[in-house]
Each structure stands twice: as structure tokens, then as C-alpha cells.
Amino acid sequence: MAIELEGLGLSPELADVMTRLARVGADLARTIARNGVETDLAAGVGTNAGGDGQKALDVMADDAFREALTGTAVAYYASEEQDEVVTLGKGTLALAIDPLDGSSNIDVNVSIGTIFSIFPATDDPNTSFLRKGSEQIAGGYIIYGPQCALVCSFGRGVHHWVLDLDSRSFKRLPDIKALPQDTSEYAINASNYRHWPSPIRAFIDDLVAGAEGPRGRNFNMRWIASLVAETHRILMRGGVFLYPGDERKGYARGRLRHVYECAPIAFLITQVGGGATDGCEDILSALPDKLHARTPFVFGCAAKVARVTAYHDLPGEETSALFNTRGLFRS
């Protein structure tokens, strides 16, 4: 048994898909733990459909998941590493996946992961995925860290498993009930500050101002460059994550993929009372216009996410005045 699914009320088809995802995840955890012994998993091997560099492990993970899901209830397989949707058969499910999230961390032994999303399949491969994230029937991730864990929602809460290395199966832990609300942590890549829109800069300036600023408390910044790792920390400890669009070429809509990354993470976060937006609009209500569409992404504690939206709702002149008054990074 690759994963404990008893009592979750899953259909046999969905349970089979989850079992196969878990089995590949367990295999990848072992492969990652042996990086460099036989193969350099961080070796560059090309670029993916979005123009990002591919590592050997990206391709290996994609191949492993696709092969494991062939012949199952998954009719359509959409991967960040594939240009188009791959038709696997005549099943009833459509699975979107980022096979290896955070691949820049492979060679520095920092947590990486797999993100997946499952929809009911339609008659068309693309329309099976170009739909509201609220229509997902499952969304989750596998994190390959000091522990290998699997976190997933089927629309009725958030379930949590950890890989038992002795049995090579995922043992179920208590469900994740709610996000911690009083956490003074935020995650953003501050090196891009000069490129951000003024509402994001104003929001971050207020956090950096700490106890002497308008928020009246000190905050700590985190940045791991692995969406799975950031998500796992927020589920365990609370806080807020921001990856805004910015002024750089190719970054107007951020860099995270709507279908493969943001929709499933938003599905999880909202199940425990959190929020997930593009800075202004609800991610789960948005319709991606193409398979590899990108979106700005803000998620975490609902109150913090709502505060980011409030900064965007200010008239432009008010945001500019706020920024000029509180802009701590100004030279």
C-alpha cells in the first residue's frame, strides 16, 4: 500500500491515481536522496515550454509521473514540462502537474516538490484545464525535504501524510485544520523591490517598518525559491506569500503558472480558511487563457491577503503618497 486513503470516500479511480502519485513520489524521494552518487540530477538538459531551464530531475520526474498514470482514469496529462496536453487514454480525469517545483534548489539540498491538480475531464484536452480552479476535485503537493510529505485536499479539508522510509508508504497524519493567524512572517524575493508596482512596495515597506511603523509589530522575511516549501511552511506556521507581477520584460504576470502551481495551492489554502489572489482577484475564480498562463500570486492568512488587495484598491495618487511617505528602500 503506497498511501493510506481509508475513510476519505474516494472513488476507486481517484484512489488509484493518488496511489500512483504517492508511489512515484516515494521513488523520487529516494532518487533525490542519492543525488550525485550515480547521476547529477541538477544537470541542465534544455528548456521547457515556458522557456525555463530544465534540469535532469525535471525530465526524470515528468517521465515517471506520465508513465505511472498511463492506463489509469487520467485521460489528459498537462505538465509544465510539456508543450501541449498529452492524451493518455479515455478516462474521466484530467491531471495537471509541475513534476519538480523548485529545481534551482536541487544541487544545494533544499526542499523541492511536486504540485498536482485534478479536474473532471471534458471532451476537449485544453478545456479540461482552462477552467476555474474552484472546479478541481483534488489539489496537492509532495515535498521532498528532511521528511517526504504529501498534502492534498479533495474539497473537504486538507489531509497530510508522511513517507515512512521502512515501509515506503505514506502514513496519514492528523488533518491540517486551519492556518495559524497571528504569524509575523512573509515571503517575497526582496531583490526585485525596484521592479514592483507601488501597492506591493507600500505593503512591504509597512512590514519592514516593524514595531515603529503603521503595523506596530516586527516581521521576519522568508524566501526559499520553492513554492512547495513556502506553502508547507505557511500551512504549518501561517504568514503570507507574494510573487507579484513587475516591470521586467516577461514578468508583467509574474512567473508562476496558473494551472500547474497557483490553482492547486489556492485550492489547499482556501480549504483551511486562507486566501489566494493575484493581488486583487480570487485565483480560484479566474479563468486561465492558455495552458502555460502565468499569474501574480498572493496567498496565506486571509486577513493578510485581504490587506494586500486593499493596497491595490487605493487610488493611484493615494498609493503613491503612501509609498513616498513610508518607502524605506528609497535611496
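Backbone N, Cα and C atoms are what each Cβ position is placed from, and that goes for glycine too.
Copied from Swiss-Prot, the annotated features are:
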- Glu80, Asp98, Leu100: Mg(2+) 1 binding site (BINDING)
- Asp98, Asp101, Glu261: Mg(2+) 2 binding site (BINDING)
- Asp101, Gly102, Ser103, Ser104, Asn189: substrate binding site (BINDING)
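A Cβ within 8 Å of the Cβ centre of Asp98, Asp101, Glu261, the residues given for Mg(2+) 2, is found for these other residues of the same chain: Glu80, Gly102, Gly113, Thr114, Ile115, Tyr141, Leu227, Val228, Leu256, Arg257, Tyr260. In the three-state DSSP scheme, Gly102 (substrate binding site) is classed as coil.
By a simple count of nearby Cβ atoms, those within 10 Å, the most crowded of the binding-site residues Ser103, Ser104 is Ser103. The two recorded residues, Leu100 (Mg(2+) 1 binding site) and Asn189 (substrate binding site), have Cα atoms 20 Å apart. Glu80 (Mg(2+) 1 binding site) has Glu261 nearby among the binding-site residues Gly102, Ser103, Ser104, Asn189, Glu261, counting only those with a Cα within 10 angstroms of its own Cα. Residue pairs drawn from Asp101, Gly102, Ser103, Ser104, Asn189, the listed substrate binders, are separated by up to 17 Å at the Cα level. Nearest neighbour of Glu261 (Mg(2+) 2 binding site) by Cα distance, taken over the binding-site residues Asp98, Gly102, Ser103, Ser104, Asn189: Asp98. Same-chain residues with CB within 8 A of the center of the Glu80, Asp98, Leu100 CB atoms, the Mg(2+) 1 site residues themselves not counted, are Asp58, Ala61, Asp62, Ser79, Glu81, Ile97, Pro99, Asp101, Ser103, Thr114, Ile115, Tyr260, Glu261. Annotation for Asp98 (Mg(2+) 1 binding site): same-chain Cβ neighbours under 8 Å, separated by at least 6 residues, are Ser79, Glu80, Thr114, Ile115, Phe116, Arg257, Tyr260, Glu261.
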